[in-house]
């Protein structure tokens with residue numbers, strides 16, 4: 001349906017794999033979402049020790065594009081090191097660059113993110129940075145050569161939806177690479193809204209894994225994302241300040 005670098009994504013829903021109650025719920029939610037992209041924190045995967053638990057042991061990863069992230073990194077060097085670990089372990093070379101700058105809000109550090117992206121691009125990675133909804137930063141990263149930008153809707157795990165739709169619209173309208181809205185989505189309504197703004201996709205985790213019924217929520221998110229994309233492609237009617245009748249005026253003379 002759309003491409004990031006040389007990778008073709010069939011679904012506009014990218015699914016995080018953490019925080020599920022158990023492997024069965026995780027597996028069923030993945031199936032219900034119909035995603036073909038699974039993202040995970042490299043530090044959770046125990047890539048070099050098969051004796052340690054693997055949180056994706058029940059998933060046939062050959063059926064998916066695996067999308068590792070650098071969660072836990074606080075500096076560019078840490079993010080680069082995590083990406084190298086994933087690459088050397090044979091995981092997909094598309095990397096979500098996540099460098100957290102504040103422990104309370106979990107907002108990304110723009111300076112360290114930029115530096116990490118610069119080095120990883122030089123090393124040949126497909127780079128997708130997680131950023132705040134900052135248009136100028138998104139543009140600078142595009143100029144650097146990133147393959148997608150991933151602006152937040154609101155802080156990670158808050159479920160607050162899109163805090164600043166105007167800024168998000170600026171990023172989407174000016175982007176020459178795919179825009180994946182990442183973090184803060186709480187409901188299918190939020191996901192639909194982001195897609196109506198023109199986002200290329202949504203990355204979700206907590207909104208599904210922490211729902212009362214993650215499997216149903218995975219399906220609901222899939223439908224919300226599809227509806228939002230269809231709405232964007234169809235083109236909504238313009239907002240007006242005066243009423244306009246939907247019925248024709250012909251025939252009123254008979255009244």
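Our numbering is plain: 1 for the first residue shown, then up by one each step along the chain.
Using the three backbone atoms N, Cα and C, a Cβ is placed for every residue, glycine included.
Pulled from Swiss-Prot:
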type	residues	note
ACT_SITE	96	active site, schiff-base intermediate with DXP
BINDING	157, 183, 184, 205, 206	1-deoxy-D-xylulose 5-phosphate binding site
Other C-beta atoms that fall within 10 angstroms of the C-beta of residue 206 (1-deoxy-D-xylulose 5-phosphate binding site): 18
Assigned element (helix, strand, coil) containing residue 206 (1-deoxy-D-xylulose 5-phosphate binding site), judged by DSSP: helix
Check: same-chain CB within 8 A of 1-deoxy-D-xylulose 5-phosphate site center, minus 157, 183, 184, 205, 206: 16, 155, 156, 158, 159, 185, 204, 207
Those binding-site residues listed as 157, 184, and which of them has the most Cβ atoms within 10 Å of its own Cβ: 184
Other C-beta atoms that fall within 10 angstroms of the C-beta of residue 205 (1-deoxy-D-xylulose 5-phosphate binding site): 21
Residue 183 (1-deoxy-D-xylulose 5-phosphate binding site) CB neighbourhood, other CB atoms within 10 A: 26
Farthest-apart CA atoms of 157, 183, 184, 205, 206, residues recorded for 1-deoxy-D-xylulose 5-phosphate, distance in Å: 10
